[in-house]
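This structure is in structure tokens; I'll ask about it shortly.
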Amino acid sequence: RDSNRHVKVKQKSAVLNMLKKLDKIRFRGHKRDEFLDLAESPNASDTECGDEIPVKIPRTSTRDNEELRDPAGPGTIIMASGVQDFNRTESDRLNEIKGHLEIALLEKHFLQEELRKLREETNAETLRQELEKERQRRLELEQKVNEVLKARTEEVPAAQQPAKPQTQANGTDKRSHTVCSRLQKWFCDKFGEYVEDFRFQPEENTVETEEPLSARRLTENMRRLKRGAKPVTNFVKNLTALSDWYSIYTSAIAFIIYMNAVWHGWAIPMFLFLAILRLSLNYLIARGWRIQWSIVPEVSEPMEPPKEDLTVSEKFQLVLDVAQKAQNLFGKMADILEKIKNLFMWVQPEITQKLYITLWAAFIASCFLPYRIIGLAMGLYAGIKFFLIDFIFKRCPRLRAKYDTPYIIWTSLPTDPQLKERSNATVSRRLQTAASRSYVGSSTPTGISKDEDTSRFHTTKRGNFHEVFNLSENERPLAVCENGWRCCLINRDRKMPTDYIRNGVLYVTENYLCFESSKSGSSKRNKVIKLTDITDIQKYKVLSVLPGSGMGIAVSTPSTQKPLVFGAMVHRDEAFETIFNQYVKITSASSSSES
């Protein structure tokens, strides 16, 4: 009995060791809780889901194992463990082992699924296949290139030496192949970089970012433009001073040197030497030398330090100044370009005809005369024109207006606005002649003068001029203000806002200053002021905060406590001059009649 019991105890210990190994295999990877249950596994079969997984038996302690391994231990403990072992049947142990094996197989299956997913994500297999295909293609291309090179190297020596034996041909093929490869390599090393430069590439359209409007940036750019244009302006000033004989000795020396160089054919070398001399002087100035040579003495302008913080009125005034300068500059450039365009487009045929004849004469002379004579004639004419003729014409404007052909042609060339004004004037003149003819043909009272007749036909937006303002028929607007000036009348004696400011049009007649309100209503809203009743007239600035001299005219009369203000006038200066001149004319005429 003892021997049988000892054998069974050994079998029990072997079973326990097997269970421990299975547990180690099971918990080698992730824990059991991280995997799906058998019933939740999508790849589990019906048999796997139907099997029952036995509950894990709690492990025995090290002390119990030692007692089981030791057959000579205490009898009571060994007998109790033996009774428990005999109670467990062999089928229960096999079922437990089967459950552990199934768990291990499931874990293996899950690990394989994870590995497959990782391979699908990385696409390692497809990348390997593509890499193998590219390698095969490269090998095929290398084989084809080698075959072509071999064929070429075989054809060249065969054509040069067909009568030589085969052994010599093979040697020459090898030598020619090596020579060609060396030449090709040398050519690529020397000229490969230059060949790569001639490869065509698509142009990249880069969009420049525009800077926002800033007063500080605006003043800085204006100063940069002024500094950059200073050498050009100084050069033009020196040329003008030479032509005007500002310094008699300098202009005389320059004239003699220039004419001597042109006569001997040294005009081009002289200009090149002057350019080299100017660059040399600039080099010395850049090295720190103080060299200042100018015909016209330079006047140093005081540089104002840039202000950090500008007020709103200063910024507004700065923008107005820059806009005015840009407007004038663009206007001058547009005039020059339009005159050149109209010269070549036969806008004025008599002027373009002169240019046409001159070009034909120059063409015929260039065909038959040597270039040295043509250059000598042009150089002499340029020197005499620059140093002598221009000096005389500038001192005598009447001679210039009669005999200076380039000046006459340039001043007589019209710009596009001038052409438009001429066309409008011709159209209006034709309409006036047609209207006068039709009017003469109709029945007209014989005692009416021409001025009265034309004033009778002058109308405003609401009817005849004299009917709108309740004036006599001979009162009509002056030629300067036939259409009137848009403005707003500010009557500071009135308290109501509707009567305080009125928008409308201002007219000037021979005896009256008339304001027509733009609002619909009776003629009471219009304003008529007799010029002889005006006590004072002056330019007015409505808001003192705004920069500039304002856009208003203040008129004082005895009937008003405060002056009437005609504000928001775009052409304020023109209106003021017209009103003031007519006012002076009327007052002087009335004072002379009274005396």
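The chain as shown is numbered from 1 upward.
Every residue, even glycine, has its Cβ placed from backbone N, Cα and C.
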From the ranges 235-259, 385-409, grab the one TrEMBL calls transmembrane segment.
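Result: 235-259 is the stretch TrEMBL calls transmembrane segment.
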Which stretch does TrEMBL mark as coiled coil, out of 50-100, 101-151?
101-151
When TrEMBL marks a stretch as region 'Disordered', which of 154-175, 198-219 is it?
154-175
May I ask for the residues of the chain that lie six or more residues beyond the transmembrane segment (235-259) and have a Cβ under 8 Å from a Cβ within it?
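The answer is 267, 270, 294-296, 380, 383, 386-387, 390-391, 394.
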With DSSP as the reference, give the number of residues of the domain 'GRAM' (463-541) in helix, strand and coil.
18 helix, 31 strand, 30 coil
